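Some features that TrEMBL has for this protein:
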type	residues	note
ACT_SITE	His165	active site, proton donor
DOMAIN	6-226	domain 'UCH catalytic'
REGION	322-349	region 'Disordered'
SITE	Gln83	site 'Transition state stabilizer'
SITE	Asp180	site 'Important for enzyme activity'
Amino acid sequence: MSDTGNWCLIESDPGVFTGLIKGIGVQGVQVEEIYSIDKETLEDLQPVHGLIFLFKWQGRDPASATNQAPIEYENPDVFFAQQVITNACATQAILSILLNSRTIELGEELSNFKSFVSDFPAEIKGHAISNSDVIRAVHNSFSRSDPFINEMSDPNSKEKEDLFHFIAYTPINGCLYELDGLQEGPRNHGPAPGDTWLEKVGPIIQERMARYEGGEIRFNLMAVVDDRIKVYQEKVAAYEGQLKALQEKEGPEAGAWLKGEIENLQADIVKEEGKREKQARENKLRRHNFIPLIYEILKGLAQEEGRLEGLIEEGRTRAKAEVESAKQRKAAAAGTGGGGPGEDVDMYE
């Protein structure tokens with residue numbers, strides 16, 4: 001298994017993932033973070049092309065293998081690539097949804113890539129992803145400019161850091177599939193025609209979360225959905241057509257309900273535009289190098305006698321307090337049956 005190579009860590013963030021999708025040339029879809037997998041929440045986001053699930057890696061558990069869906073080793077209708085390099089699982093989960101969709105327009109770059117690797121075995125597909133200059137460059141464009149060691153962690157600690165992993169759930173040919181690049185193949189969770197896969201996937205994810213002991217809450221779930229602004233605009237156009245026909249028949253005062261729906265959708269469009277502006281700004285900040293600014297601030301503080309030294313000492317005190325507090329929380333969780341850190345594997349976000 002390869003090490004991190006030239007692939008950086010990226011954040012589990014819908015703005016980052018949406019920017020990554022657009023960066024590789026795919027238009028018309030975006031990523032939304034979801035906090036519930038109930039039917040109403042998912043229906044509001046329709047159409048949903050797939051779900052990206054983040055969880056703490058606990059290692060391969062042979063005892064739970066019998067409860068897992070069967071692996072399909074040979075299925076030409078499913079695009080599956082094994083993960084062969086570290087730090088790539090987020091991008092690979094996204095690609096698993098995009099490359100298995102029958103409705104998403106992939107764009108020239110990704111369409112050519114899919115065509116080129118379609119007959120490759122899963123491991124070679126994984127190498128093709130890791131060696132793709134375009135995919136790697138877009139992935140790495142979301143790396144943080146953070147050259148400093150995190151002083152909030154204890155350098156003397158012998159405990160291993162928790163490791164996290166992304167997988168995808170998506171419907172393919174009327175069945176629900178789990179696509180995990182660390183497995184030998186895709187897992188088929190059985191028939192799920194139409195949108196029923198959204199009802200089926202909920203209990204599967206909940207069961208997976210239930211495997212964790214104690215108060216583990218570090219999970220994240222995101223959905224790949226159609227461009228929300230485009231969806232809202234299409235609904236507005238449809239309602240405006242209905243309103244026009246109704247008013248021609250019953251007069252200009254008719255259609256109060258339709259007018260209200262149009263106003264609500266227009267408000268949703270404004271809200272979505274504001275969210276995208278915020279995400280674009282956050283992505284720029286992620287890439288920005290703040291070192292020159294920090295240097296100038298420190299230089300200015302150093303010129304004020306005693307001020308910089310006091311701030312440094314205050315920072316050290318707070319850092320030590322945070323480290324001690326983290327140790328106490330971990331000890332308390334262990335005392336109530338909380339799980340410890342995951343096994344050290346070499347390919348997780």
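The backbone N, Cα and C atoms fix where each Cβ goes, and this holds for glycine too.
Bear in mind that the values here come from a model prediction, so they are computed numbers and not experimental data.
Across the fold, the C-alpha of Gln83 (site 'Transition state stabilizer') and the C-alpha of Asp180 (site 'Important for enzyme activity') stand 8 Å from each other. His165 (active site, proton donor) sits 9 Å from Asp180 (site 'Important for enzyme activity'), counting Cα to Cα. Cβ-based neighbour count (10 Å, all protein chains) for the residue listed as 'active site, proton donor' stands at 22. Cβ neighbour count for Gln83 (site 'Transition state stabilizer') (all protein chains, 10 Å cutoff from its Cβ): 26.
There are 23 other CB atoms within 10 A of the CB of Asp180 (site 'Important for enzyme activity'), with all protein chains counted. Per-residue confidence over the domain 'UCH catalytic' (6-226) averages out at a pLDDT of 86.
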